[in-house]
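Taken straight from TrEMBL:
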type	residues	note
DOMAIN	24-461	domain 'Major facilitator superfamily (MFS) profile'
TRANSMEM	62-82	transmembrane segment
TRANSMEM	89-109	transmembrane segment
TRANSMEM	115-135	transmembrane segment
TRANSMEM	147-164	transmembrane segment
TRANSMEM	176-197	transmembrane segment
TRANSMEM	209-227	transmembrane segment
TRANSMEM	239-256	transmembrane segment
TRANSMEM	277-300	transmembrane segment
TRANSMEM	306-328	transmembrane segment
TRANSMEM	340-360	transmembrane segment
TRANSMEM	403-425	transmembrane segment
TRANSMEM	431-451	transmembrane segment
Amino acid sequence: MASPGSMTPLVAAAAPDAPHARIVVAIASLGFFLITLDISIVNVALAQIRTELGGGTTGQQWIIDGYTLLFAALLLFAGNLADRIGAKTALSAGILGFGLASAACAAAPTIEALVAARAAQGAAAAIMLPASMALVREAFPDPRRRATALGIWAVGGAVAGLIGQPLGGLLTTLDWRWVFTINLPVCAAMIAFLTVVAAPPTRRAPFDWAGQILAVIALAGLVYGLIEGGHRGFTQPTVIASLGLAAVTLAGFLLIQARVRHPMMPLDLFHAHGFRLALPVGFAFMVGNYGNVFVVSLFLQQHLGLTPLHAGLVFLPSAFFAIAGNLASGPVTNRFGARVPVVAGLLSMTAGLIALLLTAPLGSPVITALCVIPIGAGGSLAMPSVTSVVLEGVPAERAGTASAVFNTFRQIGGAVAIAVFGALIANPGTFLTGLRISLASAAALLLLAALNSTRIRAHLTD
């Protein structure tokens with residue numbers, strides 16, 4: 001067997017796919033669709049929710065942030081859970097939990113009940129994501145076939161991004177509760193598909209309870225501190241305390257991981273060359289992607305006077321190119337290796353952000369829509385390929401944990417972007433300056449990630 005990330009192309013016969021491998025891709029893609037959809041579809045319904053349930057601006061923020069907080073905080077735990085109890089079992093639990101939480105959202109009688117149900121949705125989404133990735137890793141042992149499968153998987157997220165806001169607007173004209181009810185038939189279909197999928201092997205080892213608890217506290221403290229820092233400022237005592245708690249518990253978590261016999265996040269994961277290089281790519285991608293959507297959406301609405309619907313339409317061409325980038329990612333990876341699509345995709349995102357930076361003073365929605373296209377297309381070309389690098393560099397029995405670590409870095413990148421960029425554009429008098437600094441910072445980070453990614457070895461091997 002070649003070493004992980006070797007530059008020697010495959011010459012042996014490719015390992016066969018697992019039975020029902022295509023169904024596994026369909027389930028994983030539907031799961032990614034739901035996870036992404038429930039981030040975007042709710043935005044359009046917030047005003048109607050506020051009218052019916054009250055809660056003010058704080059309540060609206062936590063309808064979004066409650067989902068994000070639990071999703072990010074529980075990813076590491078969920079990835080470890082998938083490896084220990086089996087990816088199929090964990091995914092079944094995640095889908096069931098997501099469906100029940102969606103029903104609770106739809107039936108929520110108060111804003112507090114809705115925020116709690118949204119947090120439960122985020123927790124279930126955290127279980128679904130690494131478990132679905134572990135199933136894909138098991139179903140496609142050949143890295144070339146896996147790269148193609150991951151490109152198809154990523155289409156689920158791109159389609160959700162494409163239809164999320166328009167679908168949310170349509171359903172909200174009926175009743176805002178439909179934006180949650182629509183999840184139920186998708187969850188039912190996923191459970192039905194999952195019944196025919198064979199359960200992959202599990203890793204029999206004791207749970208690292210101390211590590212699990214410290215990881216959840218550290219990630220919850222970090223993400224909460226970033227969210228509240230973006231809303232209220234980073235000098236608030238609760239924000240300082242939250243970030244301080246995160247730092248202390250993170251140090252304790254790493255110390256425990258280095259000493260216990262069965263750590264939840266084995267530190268030797270970071271010995272894998274490709275895995276180490278993939279983590280900053282995931283972080284930078286989310287800063288560039290989420291940060292771009294966040295600040296540009298506000299620019300379009302607050303400075304150009306567009307409605308939320310018209311602002312969403314500015315991103316529509318980019319979403320179509322994102323789907324194309326996802327579908328192209330697997331074939332490009334198989335033809336040229338992972339390095340080419342990752343570096344090219346990150347450079348495309350960098351170019352789009354620089355174009356936005358230079359053309360923002362023109363105040364043209366059409367030019368903005370054109371500038372956003374290379375950001376969406378580049379990110380969608382890069383991310384399935386870098387996910388292939390993550391899964392290829394670790395044993396199958398650690399795929400859930402590796403996927404969780406990677407996606408945790410992604411979520412932290414998104415939280416950092418919203419918090420820092422939000423603070424930069426908070427003052428209406430300096431909004432445009434803050435916008436330029438935000439876009440320039442994201443472009444610089446993506447450029448550094450692209451340069452670092454030139455070290456990714458050329459071909460995926462098993």
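Just so it is clear, glycine is given a Cβ too, placed from its N, Cα and C backbone atoms.
Automatic prediction, not curation, is the source of TrEMBL annotations.
The recorded stretches the transmembrane segment (403-425) and the transmembrane segment (147-164) do not share 3+ CB pairs below 8 A when only pairs 6 or more apart in sequence are counted, and are therefore not in contact.
The transmembrane segment (431-451) makes no contact with the transmembrane segment (62-82), as judged by fewer than three Cβ pairs under 8 Å among residues 6 or more apart in sequence. Outside the transmembrane segment (277-300), and at least 6 residues removed from its termini, the chain residues within Cβ reach (under 8 Å) are 306, 310-312, 314-315, 342, 346, 349-350, 352-353, 356, 360, 365, 368, 372, 375, 379, 382-383, 386-387, 389-390, 393, 405-407, 409-414, 416-418, 421-422, 425, 431, 434-435, 438-439, 441-443, 445-446, 448-449, 452-453, 455-456. Long-range contacts of the transmembrane segment (340-360) within its own chain (CB-CB distance under 8 A, at least 6 residues past either end) are made by residues 281, 284-285, 288-289, 292, 296, 299, 325, 328-329, 332-333, 367-368, 370-375, 377-383, 385-386, 389, 432, 435-436, 439-440, 442-443, 446-447, 449-450, 453-454, 456. Per-residue confidence over the domain 'Major facilitator superfamily (MFS) profile' (24-461) averages 88 (mean pLDDT, predicted model). Listed stretches 115-135, 147-164, 209-227, 306-328 were compared with the transmembrane segment (89-109); the greatest number of C-beta pairs under 8 angstroms is found for 115-135. Between the transmembrane segment (306-328) and the stretches 115-135, 147-164, 209-227, Cβ pairs under 8 Å are most numerous for 147-164.
Long-range contacts of the transmembrane segment (115-135) within the same chain, counting only residues at least 6 positions beyond its ends with a Cβ under 8 Å from a Cβ of the stretch, are 24, 27-28, 31-32, 34-35, 38, 42, 59, 62-64, 66-75, 77-79, 81-83, 87-88, 90-91, 93-98, 100-102, 104-105, 108, 153, 197, 200, 387, 391, 396, 399-401, 403-404, 407.
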